[in-house]
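Colleague: Pasting a structure below so you can have a look.
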Amino acid sequence: MNIQVLPDHKLSSVAPLKPYNNVEKKEVELILVKDRNGVQYTNSSIIPASNTHGCPPGSAEDEDRETWGKKIDFLLSVIGFAVDLANVWRFPYLCYKNGGGAFLIPYTLFLVIAGMPLFYMELALGQYNREGAATVWKICPVFKGVGYTVILIALYVGFYYNVIIAWSLYYLFSSFTSELPWLKCGNIWNSNNCTERQLFNGSLVMNGTSYSKHKITPAAEFYERGVLHLHESKGIQDLGLPRWELTLCLVVVVFILYFSLWKGVKSSGKVVYITATMPYLVLFVLLINGITLPGAMNGIRAYLHIDFKQLNNPSVWIEAATQIFYSLGAGFGVLIAFASYNKFDNNCYRDAILTSTINCVTSFFSGFAIFSVLGYMANKHGVDIKDVATEGPGLVFIIYPEAISTLPGSTFWAIVFFIMLLTLGIDSSMGGMEAVITGLTDDFQILKRNRKIFTFVTAFGTFLIALFCITNGGIYVLTLLDTYAAGTSILFGVLIEAIGVSWFYGVDRFSEDIERMMGFKPGLYWRLCWKFVSPAFLLFVVIASIVTSSGLKYDGYIFPQWSSVVGWGIAMSSMLFVPAYAIYKFLTVKGTFKERIAYCVTPEHEHHLVAEGNIRQFKLKHWLAI
């Protein structure tokens with residue numbers, strides 16, 4: 001009996017077939033039941049499956065890809081990356097400014113309809129394909145440029161984010177004194193305008209000159225004159241030399257990052273046991289201490305007050321959308337890189353729900369620790385909460401240290417607080433650098449074979465560029481990078497990523513991939529979000545970021561016009577990878593015009609279908625499928 005076993009193209013789409021590697025073809029006289037006996041078949045040949053985990057033959061699991069030592073290593077790494085300094089210095093202030101408890105309505109809405117779906121999509125994408133941000137686009141080669149885009153953005157962020165960690169380390173070292181250096185005036189960095197009256201309701205007039213209510217405090221002068229030496233710079237065109245104290249702190253930060261990453265996830269997965277858990281312990285301790293302070297309840301009430309009228313303001317919705325996006329950290333290639341080291345059958349759906357929820361709850365929880373202390377400050381100096389509430393570096397490097405300096409045992413509280421900032425920053429920076437390393441080592445085998453050297457080169461490269469940010473005018477360079485390097489460009493990158501996965505690769509096929517991993521298919525809600533809601537959300541945020549953009553400034557300093565040109569040049573340098581690679585791919589593949597397009601949008605392991613004229617993307621059914 002001769003039974004012909006026809007090629008099953010749907011089955012072949014499970015994963016790319018690897019070369020047979022000396023496996024002898026044998027004719028068989030049976031009909032194989034696909035997906036039940038651990039084999040793939042084509043043209044009456046048996047190809048033994050190479051694993052027993054349900055991982056498709058030909059996937060990266062066959063190559064003995066490194067995996068996390070324990071599941072908790074992965075979870076802590078994701079949480080540590082997503083929970084960063086912005087959870088402490090941005091969300092609480094946004095919540096307070098935009099209607100208190102009412103702000104949670106748009107924030108939670110955007111979390112559910114866009115934040116979680118994008119988070120889930122990136123984890124599933126990385127885990128199924130077991131590749132970094134660039135090579136994961138073997139599912140649709142024309143979009144590989146977006147992988148390079150997010151890798152470059154992650155590298156840009158490392159240039160300046162490590163500087164903020166270095167500031168935290170400098171503050172930590174400075175806290176090991178019997179009297180905190182930002183408690184009083186009279187230090188070498190203080191100006192004649194420094195006064196130990198810490199806050200003023202309005203402005204203080206001295207010698208006919210009006211000064212900002214924060215600029216003359218010892219804490220403000222320690223930050224801007226003692227740490228940044230901003231008074232020695234006239235602007236971004238007058239940077240000066242790197243400050244040696246901050247250079248040493250930056251060296252320590254870079255060494256910590258290198259030795260955390262040089263052995264891959266086996267080493268970084270152990271570091272996060274400290275860096276990801278320490279902030280929660282410290283936040284809890286700070287909260288317990290904060291609520292015992294006089295005036296703390298006033299601060300918490302101000303934080304939670306509900307003003308539904310604020311929801312009529314479009315800017316509230318825009319800020320909620322941008323905050324949920326940046327807070328979860330989608331689009332930097334980090335989630336894809338982390339998930340690529342998971343076991344193939346890991347439940348990434350549960351991981352996405354758990355970690356994204358923890359991240360947002362942490363943001364909300366940190367607000368209690370912050371505003372209890374702000375309430376204490378307002379009560380102590382007889383001013384309103386709005387006179388002490390702020391966001392960004394000013395909150396964690398001026399206002400909060402100033403409050404700590406007035407507490408009994410201030411040295412202890414300062415050390416604890418800056419350890420929290422240090423650990424918050426370290427694991428977030430580790431995630432960004434891992435995205436760069438994994439993304440490029442998966443793409444270039446020579447880098448993979450020399451991972452330790454490449455990790456060192458990457459860390460050293462970020463150190464060299466970061467030196468510009470620790471000069472006297474370095475804060476201007478940092479502001480420029482923070483505004484443009486990961487602003488509109490990262491939103492654009494994730495928008496293209498969502499379109500590539502949901503429309504070109506196909507939500508239906510992506511859902512089948514997830515079903516092969518976990519045994520169940522994503523529900524209709526997730527598929528609708530991936531195909532329609534998330535791309536629409538990202539398009540809305542991209543447009544909002546462009547419309548609401550204004551001239552670059554830091555405090556009272558207005559940047560020159562040319563700095564905006566430089567900034568947009570930095571942004572475009574990453575975004576241009578998307579069209580540039582698409583053009584390159586189209587020009588380098590062979591065939592007719594139609595065949596070239598087909599090869600560009602068809603998964604690499606299905607290129608044989610192009611030769612047969614069986615191209616999914618050329619059929620209306622593909623674009624309508626959900």
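Quick reminder: no glycine exception, Cβ is built from N, Cα and C everywhere.
Where the annotation comes from TrEMBL, it is an automatic prediction and has not been curated.
Copying in the features that TrEMBL gives for the protein in this structure:
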type: TRANSMEM; residues: 74-92; note: transmembrane segment
type: BINDING; residues: Gly80, Ala82, Val83, Asn87, Ser327, Asn359, Leu424, Asp427, Ser428; note: Na(+) binding site
type: TRANSMEM; residues: 104-125; note: transmembrane segment
type: TRANSMEM; residues: 146-173; note: transmembrane segment
type: DISULFID; residues: Cys185-Cys194; note: disulfide bond
type: TRANSMEM; residues: 241-259; note: transmembrane segment
type: TRANSMEM; residues: 271-296; note: transmembrane segment
type: TRANSMEM; residues: 316-341; note: transmembrane segment
type: TRANSMEM; residues: 353-378; note: transmembrane segment
type: TRANSMEM; residues: 398-424; note: transmembrane segment
type: TRANSMEM; residues: 453-478; note: transmembrane segment
type: TRANSMEM; residues: 484-507; note: transmembrane segment
type: TRANSMEM; residues: 528-547; note: transmembrane segment
type: TRANSMEM; residues: 567-587; note: transmembrane segment
Colleague: Given a Cβ distance threshold of under 8 angstroms, which distant residues of the chain, six or more beyond its ends, lie next to the transmembrane segment (146-173)?
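Modeller: Sequence-remote neighbours of the transmembrane segment (146-173) are 85, 132-137, 227, 245-246, 249-250, 252-254, 257, 331-334, 393, 397, 401, 414-415, 418-419, 421-422, 425-426, 428-429, 432-433, 435-436, 439-440, 458, 461-463, 465-466, 469-470, 474, 477-478, 481-482, 485-486, 489-490, 492-494, 496-497, 500, 570, 573-575, 577-578, 581.
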Colleague: Sort out the residues at least 6 away from either end of the transmembrane segment (398-424), same chain, that have Cβ-Cβ distances under 8 Å to it, and list them.
Modeller: 83-85, 87-88, 165, 168-169, 171-172, 175-178, 180, 182-183, 198, 214, 217-220, 222-223, 274-276, 278-279, 282-283, 285-286, 289, 293, 370, 373-374, 376-377, 380, 388, 390
Colleague: Looking only at residues six or more beyond either end of the transmembrane segment (567-587), which have a C-beta under 8 A from one in the stretch?
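Modeller: That would be 141-146, 148-150, 152-153, 156, 480-481, 483-485, 487-489, 492-493, 496, 552, 596-597, 600.
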Colleague: Excluding Gly80, Ala82, Val83, Asn87, Ser327, Asn359, Leu424, Asp427, Ser428 themselves, which residues in that chain have a Cβ inside 8 Å of the centre of the Cβ atoms defining the Na(+) site?
Modeller: Ile79, Phe81, Asp84, Pro279, Gly329, Thr362
Colleague: Based on Cβ pairs under 8 Å, which of the stretches 271-296, 453-478, 484-507, 528-547 lies most in contact with the transmembrane segment (353-378)?
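Modeller: Answer, by Cβ pair count: 271-296.
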Colleague: Rounded to the nearest Å, what's the C-alpha distance separating Ser428 (Na(+) binding site) and Cys194 (disulfide bond)? Just drop the number here, would you?
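Modeller: That separation, Cα to Cα, works out to 35 Å.
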Colleague: For Cys194 (disulfide bond) and Leu424 (Na(+) binding site), what Cα-Cα distance in Å is obtained after rounding to a whole number?
Modeller: 31
Colleague: Go through 74-92, 241-259, 316-341, 484-507, 528-547 and flag the stretch with the largest number of C-beta pairs under 8 Å relative to the transmembrane segment (104-125).
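Modeller: Against the transmembrane segment (104-125), the leading stretch is 316-341.
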Colleague: Can you see whether the transmembrane segment (74-92) and the transmembrane segment (271-296) are touching - at least 3 CB pairs under 8 angstroms, only pairs 6 or more apart in sequence?
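Modeller: Contact confirmed: at least 3 Cβ pairs fall under 8 Å.
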